[in-house]
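Under the heading domain 'Acyl-coenzyme A oxidase N-terminal', TrEMBL lists 2-78. Here TrEMBL flags 84, 123 as FAD binding site. Taken from TrEMBL, the feature domain 'Acyl-CoA oxidase C-alpha1' covers 224-385. Among the features that TrEMBL reports, active site, proton acceptor is placed at 370. TrEMBL lists 426-594 with the feature domain 'Acyl-CoA oxidase C-terminal'.
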Ligand SMILES: CCCCC/C=C\C/C=C\C/C=C\C/C=C\C/C=C/C(=O)SCCNC(=O)CCNC(=O)[C@H](O)C(C)(C)COP(=O)(O)OP(=O)(O)OC[C@H]1O[C@@H](n2cnc3c(N)ncnc32)[C@H](O)[C@@H]1OP(=O)(O)O
Ligand SMILES: Cc1cc2nc3c(=O)[nH]c(=O)nc-3n(C[C@H](O)[C@H](O)[C@H](O)COP(=O)(O)OP(=O)(O)OC[C@H]3O[C@@H](n4cnc5c(N)ncnc54)[C@H](O)[C@@H]3O)c2cc1C
């Protein structure tokens, strides 16, 4: 087992190789992303590509982009995104680092006034990054103008030593043994460090040579644009991570046999047990659902970005709500699913050689980074409350809230489901999800004046986001889908995704009157039939993810199914097996055994 220092150095070597190949091959950001996925290290390349570069693109002037991105693309500098502090992460407007303009020298003085203002968490900050976009309170002419971004050099490009006034280091080991522990999330304190005025990112606002603050004609929320970008990439990441865990658990479930042998015949594949299917197949359906909604979200983000270019800011609130909500719902579901997939694999699911513990350790933090999932869903709730009040004043909602315009019907409609088969009707499913989401949002809005409940808002936000995911799955199935029988399988998975949510959140659907208890039990009956129908193709549906054994990294999820040989082989690779008599026997065990043996002969 590598020490953290060895793990860091090994990862740094891989990352530097990836960066070198990126420059030599003139890779695009997308291609570099694929390379990153192949080396499967959530380390250094993420923050440089995923946040440092986008922050400069989104908040820098043309001139600043030209200057800094030229160096960043060639890896002449390595950047990170330094926003979170020891005392504040979710509350960005509460950050304490200061950037005070000094007109006498045309510089900003960057400073950490308190212990809690120490920058804390930025990936790569601890040992790797030479530069950072640092978020700080802009103060000029004695007035605090709130949080803005500044480019700062942190380390010498000659010998990598921290620059004067900068104290910098790693925040220490983290959850899990692998990837994130190879990452140098850092701590940084600034002691009146001076930077030129032109290192304030000035697309959203400027400070003149005289120190006058000038706000551009763009919404101040563009300051948060980098986070919106990453949140939409994280949805695709979540679908990938979930599909890896499901691939391992389904393949292993088809190999593993326990009980059920008759007259000496073969035991039963655990994947045939109804309990195994009801635990696992919703995750299989979710993996496809998150992939499709991730594709749509990427389109939405691209569309909003293009509109921003022509100063059309109308869809910015929708982009924020969708990226925040989908990042929250998909990462929470994925973390829970990976943990359940470990349990679905029994004891072997806890072995590192299964690939599942590392997958869990790398993906659990996604529930927190890029915005705590609860805080983000409360942002969606805020967006929904605004939309409900706009509908009440006669404004027609658009985009993912367009369904709210159908308020007359959705507030009183009854589900048309009368038979088990009716639950196969996408229109019936969509209407039930729309009615649930709308009624929960309206209930929350009505109660908000009496006793604002974060819980109600949170649950209304979940209902709205789940409606988006179900809707995008249904819309995907309206497209031409290649491959004989593929669309039928995806229709079954769409049914499983939607009906498992009705089962899981039946209280919502019943309390808002969207379904009756009988309709709820028909949904459960339909779900059980769908599990049985998907079972014959379950392995094919995970093979379709087309992961190599290398990428999957799992003795349980091997394509050839040769699980037991792989487990046995992996076991002997463990350093503990380098000697048959373990280190420590002579000092600790032998004296005890000899002593006890002697006593027993007295
Ligand atoms: C190329 C090779 C590699 C590529 C690799 C590809 C993929 C990798 C994928 C994944 C790995 C990713 C990263 C690596 C791992 C970790 C890195 C982690 C980094 C970080 O964690 S960075 C820090 C993240 N921090 C946060 O997210 C903070 C969360 N908090 C906030 O966003 C805000 O504080 C808040 C919660 C939104 C509150 O904002 P605030 O202004 O205080 O108050 P409000 O009153 O609530 O909002 C005012 C107003 O503004 C609207 N608003 C808020 N946010 C946004 C936004 N983002 N966009 C647009 N509009 C926004 C809000 O709706 C309000 O509007 P009103 O009209 O209602 O007034
Ligand atoms: C692996 C990892 C990598 C990271 N990388 C970076 C990076 O590169 N750059 C960077 O700047 N940051 C980074 N971060 C920091 C990350 O962005 C923050 O941890 C995240 O934004 C959450 O903020 P917080 O830690 O202050 O949690 P808090 O906001 O303090 O949340 C703590 C708890 O309080 C709850 N809570 C907070 N506010 C409310 C509210 N208004 N209503 C209800 N409940 C609330 C939350 O739900 C949570 O349960 C990273 C974090 C991790 C784990």
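Glycine is no exception: its Cβ is also placed from the backbone N, Cα and C atoms.
Geometry remark: residue 84 (FAD binding site) versus the residue listed as 'active site, proton acceptor', CA distance 10 Å. A sphere of 10 angstroms centred on the C-beta of residue 84 (FAD binding site) encloses 18 other C-beta atoms.
Secondary structure at residue 84 (FAD binding site), taken from DSSP and collapsed to helix, strand or coil, is coil.
Cα-Cα distance from the residue listed as 'active site, proton acceptor' to residue 123 (FAD binding site): 12 Å (rounded to the nearest whole number).
All chains included, 25 other C-beta atoms sit within 10 angstroms of the C-beta of the residue listed as 'active site, proton acceptor'. The domain 'Acyl-coenzyme A oxidase N-terminal' (2-78): residue composition by secondary structure is 60 helix, 0 strand, 17 coil, according to DSSP. Residue 123 (FAD binding site) is surrounded by 26 other CB atoms, counting those within 10 A of its CB over all protein chains shown.
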